[in-house]
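Q: Not my notes, these are from Swiss-Prot:
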{"type": "REGION", "residues": "1-266", "note": "region 'Amidoligase domain'"}
{"type": "BINDING", "residues": "14, 187, 188, 189, 190, 191, 192, 223", "note": "UTP binding site"}
{"type": "BINDING", "residues": "14, 147, 148, 149, 187, 188, 189, 190, 191, 192, 223", "note": "CTP binding site"}
{"type": "BINDING", "residues": "15, 16, 17, 18, 19, 20, 72, 239, 240, 241", "note": "ATP binding site"}
{"type": "BINDING", "residues": "72, 140", "note": "Mg(2+) binding site"}
{"type": "DOMAIN", "residues": "291-542", "note": "domain 'Glutamine amidotransferase type-1'"}
{"type": "BINDING", "residues": "352, 380, 381, 382, 383, 403, 470", "note": "L-glutamine binding site"}
{"type": "ACT_SITE", "residues": "379", "note": "active site, nucleophile"}
{"type": "ACT_SITE", "residues": "515", "note": "active site"}
{"type": "ACT_SITE", "residues": "517", "note": "active site"}
């Protein structure tokens with residue numbers, strides 16, 4: 001199979017939405033019957049985002065094979081059917097690490113290691129490897145043209161453009177075309193300068209996607225085409241929209257997919273965007289709304305919970321309701337108690353690390369349990385629910401996780417020291433292990449207990465979800481917690497680890513050790529999120545009734 005490559009760069013400012021644009025183009029090409037994948041090349045020195053602060057970088061998206069990756073890979077999976085893996089995201093740090101490891105082994109036979117050719121060759125190998133087996137590979141370059149950090153990546157894709165030729169490569173550049181209120185017009189000069197910067201390093205863009213708060217007039221498109229040496233039909237206007245799922249249709253309406261397929265000489269069917277039209281219709285026509293309180297510690301940056309936010313919206317589509325998310329700092333819950341939890345239709349406690357605010361999360365679980373308020377716990381959200389139940393129902397005073405209190409009298413949650421991976425291999429970690437890359441990561445099979453809400457949600461006796469954690473339920477307390485009324489509704493493939501818990505006599509008190517948000521899409525939803533939002537809508541009706 002001959003893979004074609006589309007390289008996506010950004011200029012003028014950061015946060016233009018390269019990832020959304022790349023994913024939207026991929027969605028159209030997939031709708032034309034093509035096998036598409038997307039890669040993200042990140043210019044930072046970290047090996048991966050695994051140990052980066054969520055308030056700086058946003059969430060860490062976990063792939064099926066256990067890679068800790070950039071949140072843009074979540075966008076990719078929500079827009080196309082192709083599942084991402086560790087080949088779809090790599091950083092400057094990872095490239096340098098691998099090159100230096102080869103140098104230590106003597107693979108370069110004593111050569112002087114340089115950015116060109118050794119680093120650029122390593123980048124090219126990663127890109128070609130990631131695209132193998134697909135009709136089209138879209139490669140997003142992180143950062144902004146002009147940043148010193150991005151230069152090795154830009155040089156690498158420049159070389160690939162020469163080596164693979166125009167028949168197999170296309171360069172798409174996102175720029176900002178701002179509207180100046182005082183002048184009453186859009187300004188194209190930033191775009192011209194951005195393209196000039198890109199051309200100065202040897203890359204001539206084939207397509208310009210011009211971002212702005214409004215559509216770009218035809219005369220301004222012609223001006224951009226003239227001064228940037230790009231065909232006028234290849235100047236695409238991408239205005240701000242109220243839903244990212246409208247973007248595939250916007251790009252298709254301007255013929256971007258047709259331009260790409262003709263450039264590559266690919267004969268394929270017309271794009272059928274019916275599924276996306278259905279998503280947009282459901283989003284625009286809810287029959288009601290619910291308010292979900294998300295109790296977390298990284299709420300100052302909503303992108304820290306990006307996949308959770310999107311999964312709640314997807315669940316709203318399947319329940320025909322609009323989901324309003326109220327972000328609640330768990331430390332505020334510690335200070336003010338139930339005052340900040342009143343008026344909610346459901347409480348969700350997402351994953352997280354560290355002791356700060358954990359008692360607020362435990363209080364939120366207690367409030368939901370005692371007030372029959374739908375509760376959904378994810379990862380740490382499951383652990384705090386179990387701790388709360390142990391303390392206040394099972395009579396285990398002082399129960400806690402050893403992550404937060406080493407000398408707790410009842411360590412109901414403890415460090416996992418050994419577990420089976422999906423391939424059957426044993427993974428191990430200890431108290432002194434590195435933080436990075438030492439968690440239970442990736443897709444794991446979960447056995448669901450018959451007659452539970454979990455099994456009813458999935459309509460199956462097993463599920464496969466993705467994990468990212470170091471701590472688990474202490475099996476020494478299972479019998480006592482079960483006798484107190486807690487149901488262990490999901491167990492690991494070897495039935496040694498607790499994956500899900502729930503309360504049987506509660507409208508919806510369900511929690512999982514895994515991260516179901518990573519598998520939610522607008523077209524398919526995710527069973528637990530759909531069930532949780534349905535319970536929240538039912539709770540609201542009971543209150544109104």
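The backbone N, Cα and C atoms fix where each Cβ goes, and this holds for glycine too.
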Q: Among residues 15, 16, 17, 18, 19, 20, 72, 239, 240, 241 annotated as binding ATP, what is the maximum Cα-Cα distance? Answer in Å.
A: 20
Q: Roughly where does the region 'Amidoligase domain' (1-266) sit in mean pLDDT, to the nearest integer?
A: 95
Q: In DSSP terms, helix, strand or coil for residue 187 (UTP binding site)?
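A: Assignment for residue 187 (UTP binding site) reads coil.
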Q: Give the three-state DSSP assignment (helix, strand or coil) for residue 515 (active site).
A: coil
Q: Give the three-state DSSP assignment (helix, strand or coil) for the residue listed as 'active site, nucleophile'.
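A: In three-state terms, the residue listed as 'active site, nucleophile' counts as coil.
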Q: Between residue 517 (active site) and residue 191 (UTP binding site), how many Å separate their Cα atoms?
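A: Here the two Cα atoms are 37 Å apart.
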Q: Return the residues near residue 382 (L-glutamine binding site), defined as same-chain residues 6+ apart in sequence whose C-beta is under 8 angstroms from its C-beta, sorted by sequence, else 'none'.
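A: Same-chain residues close to residue 382 (L-glutamine binding site) (Cβ under 8 Å, separated by 6 or more) are 500, 501, 511, 512, 513.
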Q: Taking Cα atoms as reference points, rank the recorded positions 17, 140, 148, 379 by distance from residue 191 (UTP binding site) and give the first.
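A: Result for residue 191 (UTP binding site): the nearest of the recorded positions is 17.
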Q: State which of the following recorded positions has the fewest other Cβ atoms within 10 Å around its Cβ: 148, 379, 380.
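A: Candidates: the recorded positions 148, 379, 380. Fewest Cβ atoms within 10 Å: 148.
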Q: On a count of neighbouring CB atoms within 10 A, which of the binding-site residues 15, 383 is highest?
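A: Ranked by Cβ atoms within 10 Å, first place goes to 383.
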